Amino acid sequence: MKHVVIIGNGIAGVTAARHIRKKSDYHITIISSETKYFFSRTALMYVFMGHMKFEHTQPYENWFWKKNRIELVQAYVQKIDTTLKKLVLNNNTTITFDDLIIATGSTPNKFGWPGQNLKGVMGMYSKQDLDEINRYAKDCKRAVIVGGGLIGFEMAEMFASKNIPVTFLVRETSFWNKVLPAQESEMINKHIKEHHIDLRLNTNLIEILSDEHGRAKAIVTDKGETISCNLVGLTAGVSPNISFLKNSDIKTDKGVLVNRNLETNIPNIYAIGDCAEQQSVIGERRPIEAVWYTGRIMGETVARTICGIPTKYSPGHWFNSAKFFDIEYQTYGWITALPKENEARFYWEHKDGKKCLHFNFDKISRKFIGINTLGIRLRHQLFDRWLTEEKSIEYVLEHLKDANFDPEFYKQYEEEIITKFNSENGTTLTAKKKSWKRIFA
Amino acid sequence: MKAIKNIGYFLTFLGFAFFIGSVFTGTHKVTTATYENWIQSKNIKSEYFINHTQKAIVDQQMSTWELSQIILDQAKASNQYQKSQPKTDWSKIIHLKWSKTSKDFIYPLARASVIGWYKQHPTLWFLITFGFAILGGLMIFIPNYKLLGPAGIKNNGIFQHSATNKGIIGFITAFFFMAFYVLLYFFPNYIINPILSVNGINQFLSGNDAGQWFLYGVMYCSVMTVFAVRMFIKYRHNSYQLLRTTVVLFFQIAFGFLIPEILVAFNKPWFDFKNAWPLNYTFFFDYNINNLLNSGHLGIFMLVWGIALTVIIVPIMVYFYGKRWYCSWVCGCGGLAETLGDPYRQLSDKSLFSWKVERWLIHGVLVFATLMTALTLYVYFAHIESWKVIAFGISAYDVQTWYGFFIGSIFSGVIGTGFYPIMGNRVWCRFGCPLAAYMGFVQRFKSKFRITTNGGQCISCGNCSTYCEQGIDVRAYAQKGQNIVRSSCVGCGICSAVCPRGVLKLENGSDTGISRTQVNDILLGNDMDLLSMTKKNS
Ligand SMILES: Cc1cc2nc3c(=O)[nH]c(=O)nc-3n(C[C@H](O)[C@H](O)[C@H](O)COP(=O)(O)OP(=O)(O)OC[C@H]3O[C@@H](n4cnc5c(N)ncnc54)[C@H](O)[C@@H]3O)c2cc1C
Ligand code: SF4
Ligand code: SF4
């Protein structure tokens with residue numbers, strides 16, 4: 001029987017294993033060094049904040065793996081021998097495979113800052129990072145977070161929840177404005193301050209200073225300021241975790257290079273999830289997408305290929321979500337920070353400053369291209385369909401009630417939104433009543 | 001703000017200290033008239049008991065302990081005496097049973113003979129118990145409006161605090177809850193002073209003296225009110241929670257408390273219009289049916305209403321809205337669980353094993369309730385006395401008594417509420433309530449209600465499962481892109497509230513079939529070609 005070995009028990013590897021099991025009887029082994037059982041990385045912050053215990057982050061009960069005949073090995077893969085189809089583990093054992101899936105995820109970036117290896121300086125990616133954060137948060141007087149991405153934001157929220165003062169260094173002039181248009185970004189800036197975070201925009205880290213015990217005691221910024229703190233979170237992005245492949249024949253660039261079937265240059269070796277880098281461009285997508293959903297989609301896809309039905313990796317319309325303290329964010333389709341030449345934008349914001357919708361559409365053809373929403377939930381299924389059917393911005397607005405996904409009895413704003421659009425565009429659209437028929441069409 | 005909170009803790013503590021301190025400390029003086037009344041109403045025939053007890057208690061001041069002990073001792077002595085007679089007169093034997101004697105036999109006399117400070121100062125006594133606890137409770141929760149920061153989900157520290165993570169405080173709380181229920185159900189003679197704290201209210205409402213159930217009613221409503229205020233602050237950004245909490249509080253205070261008391265004031269039967277059989281398991285008991293039949297048009301209406309509620313209203317409403325309309329919008333048990341119980345919702349067990357236990361238990365109780373009621377109705381219509389043995393040495397009365405004891409008292413009260421801080425706030429609703437089991441069938445197989453999963457947006461974080469009070473592994477469905485259609489879901493809406501990615505929406509769709517339960521192999525967002533079945537040439 002074919003032996004499929006998967007390195008990495010994150011969402012990508014585990015999804016692949018589950019789907020291979022559904023379709024086949026192959027012998028499946030997952031090797032991972034971080035934890036024995038799969039857990040949800042995205043929930044690490046909630047464990048620190050006391051919303052959950054670590055065991056709650058595990059999507060499957062421990063008996064699940066045995067029942068589904070998925071063998072778990074907790075070890076670090078040091079080397080891949082592609083000719084003998086053999087893995088060398090750090091516990092001095094070897095494992096042979098017929099098919100191999102590399103799903104080793106990412107590792108936090110460190111840019112060679114002086115002091116980046118001091119005690120009390122950490123990234124936030126793994127379970128081990130969480131343990132470290134727990135240890136150093138205990139006597140933390142002030143925490144400095146370096147890097148204004150989503151993980152940095154989560155870290156800021158974590159410490160704030162424990163009433164630890166936080167300074168948040170962000171290189172950009174406004175939070176996450178490489179991704180978010182100015183209005184959304186500004187809304188988040190305000191919300192960060194509302195939560196008493198000391199937000200420093202347009203500020204870079206120069207170095208981290210050590211106390212006599214080798215623990216961080218302060219940081220120095222490019223503004224010449226020294227901020228004393230005894231915990232530093234480094235969250236300046238992530239890169240594929242592939243250092244163990246250095247001396248193998250598997251072709252890599254920033255990540256493991258794969259074709260549309262998620263195959264590497266070596267037959268029977270595949271790469272999925274954060275660590276995979278697409279050789280050919282897929283739509284507007286970046287070659288490496290370190291998000292949960294793409295990892296899962298790649299897992300679903302590679303499972304089919306391995307089970308004998310070669311299948312192209314075909315992610316559908318882009319979607320994503322996050323939460324900034326109390327403000328939820330969802331996005332469907334594409335809406336970049338700055339409009340492209342052919343694009344027009346329509347922005348509506350609620351007067352409380354915590355809800356907005358930002359539509360992106362084609363100036364000429366009126367085709368709807370994408371949407372950002374803060375503080376209002378939208379129905380994925382409908383936006384996906386509208387994008388596929390290339391509906392016009394007018395159609396989307398008129399049927400917006402269908403797409404509202406807020407809990408029942410929430411105030412809805414479709415009329416207000418459409419009125420604003422009409423007055424800006426000289427149109428006379430009206431909001432159509434919600435229709436289940438259309439929703440389930 | 002912190003200071004207000006601390007004063008609140010102090011006041012609450014004081015209120016409870018007075019309340020609890022007064023338990024077991026009743027003082028009694030039985031007058032001849034009270035005594036004779038009691039003897040008559042209890043239908044006591046044994047002269048031995050009547051004379052000896054009279055000598056021992058009438059016109060003497062004594063504590064509840066002494067009074068209760070004397071009555072018990074005398075009853076035992078009397079029984080011994082009667083049995084030692086050449087021919088035992090069984091009508092003179094006094095039946096003793098721990099779960100009944102205190103509440104049915106001793107309590108009425110103790111209640112009627114209580115004297116002392118508590119009786120003389122009802123208003124002050126109310127103020128320093130209920131008054132302090134309610135005011136203190138509000139002072140604890142209202143500052144959260146500021147202390148917790150901007151509106152949003154603030155579950156910080158829940159699993160790091162002893163009270164909400166099965167720590168020592170949790171166990172102490174559970175102990176107090178259980179002890180209270182044991183006293184309430186089985187030894188109300190020891191809580192007469194607490195009962196006196198609400199005597200004034202009962203006098204005002206219906207002109208009657210308060211009993212243990214009135215005390216329970218006032219406590220229930222007060223606790224729910226204070227904790228509803230907590231909900232209003234905690235979920236002030238969430239209209240579903242605000243509305244639901246308001247409605248369930250209204251139903252408890254109006255239908256579960258005020259209306260029944262007012263009915264009594266007008267000499268009508270005490271009747272809770274929202275309490276449906278089989279949760280209301282005494283509805284078809286002979287004394288209830290007879291009572292309603294003897295209460296004129298209103299009584300007949302109540303009888304018809306009660307039957308229609310179970311047979312027509314409940315299933316139709318579940319068809320349209322799911323069982324949530326009852327369990328978390330109307331029901332009193334649900335109301336307590338959603339207010340007092342909310343801090344404990346995360347403690348419900350999510351394992352597959354507990355789901356198995358749940359199904360056996362809750363359906364077992366439903367079968368038990370149905371069989372008991374069938375038997376009750378059978379003896380009623382066949383004109384068989386309920387205490388007559390029917391088969392295997394068992395009478396209908398025996399079965400009713402067992403149900404009342406094991407399910408009505410121990411399961412729904414002592415365990416159902418007592419275990420809040422250990423097993424979560426819906427222990428009864430999840431494992432025991434026969435009405436929930438009945439509605440569960442309708443919800444699972446024929447209802448428009450579902451929790452829609454928002455395409456592929458789930459990140460498997462687990463907040464939803466963790467905070468599901470019914471122990472449903474919500475994530476297991478959401479991460480597969482599948483809707484949640486489970487018989488046990490009470491539609492509290494908290495899974496949807498805590499989800500950080502906006503994945504879950506409780507809604508009543510247009511159909512009961514495919515849109516509800518469809519399962520896809522892959523999630524939304526993956527456009528891979530599922531049709532191409534070309535096999536790799538190997
Ligand atoms: C704090 C945090 C929050 C996030 N929140 C979101 C979010 O809200 N939404 C979203 O879309 N994405 C989010 N992400 C990103 C998302 O979690 C990742 O994209 C996803 O987990 C990647 O999954 P993966 O399976 O590719 O790899 P991983 O989950 O990283 O799993 C790889 C595993 O392989 C192990 N491993 C690596 N090398 C070896 C080796 N040589 N031998 C053995 N084992 C090895 C690693 O230890 C790891 O356990 C978040 C990430 C973090 C860190
Ligand atoms: S599934 Fe959601 S709505 Fe249903 S009981 Fe659980 S938390 Fe409440
Ligand atoms: S809370 Fe939301 S994102 Fe998290 S597991 Fe549940 S449905 Fe998924």
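Glycine is no exception: its Cβ is also placed from the backbone N, Cα and C atoms.
Predicted, not measured: the structure shown is a model, and the values here were computed from it.
Under the heading transmembrane segment, TrEMBL lists B:7-25, B:124-147, B:168-187, B:213-233, B:245-266, B:298-321, B:360-381, B:401-422. For B:449-477, B:480-509, the entry in TrEMBL reads domain '4Fe-4S ferredoxin-type'.
When each of B:7-25, B:124-147, B:168-187, B:298-321 is checked for Cβ pairs under 8 Å to the transmembrane segment (B:213-233), B:124-147 comes out on top. Among residues of the same chain six or more beyond the transmembrane segment (B:7-25), those with a C-beta under 8 A of the stretch's C-beta atoms are 63-65, 118, 128-141, 143, 183, 190-191, 193-194, 197. Packing against the transmembrane segment (B:298-321) from elsewhere in the chain are residues 268-269, 271, 273-274, 276-278, 280, 283, 289, 291-292, 435, 438-439, 442-443, 446-449, 491, 508, 512: each is 6 or more residues past its ends and has a CB under 8 Å from a CB in it. Of the candidate ranges B:124-147, B:168-187, B:360-381, B:168-187 has the most C-beta pairs within less than 8 angstroms of the transmembrane segment (B:401-422). Residue counts of the domain '4Fe-4S ferredoxin-type' (B:480-509) by helix, strand and coil are 5 helix, 6 strand, 19 coil (DSSP-based). Sorting the domain '4Fe-4S ferredoxin-type' (B:449-477) by DSSP state (H, G, I as helix; E, B as strand; all else coil) yields 9 helix, 5 strand, 15 coil.
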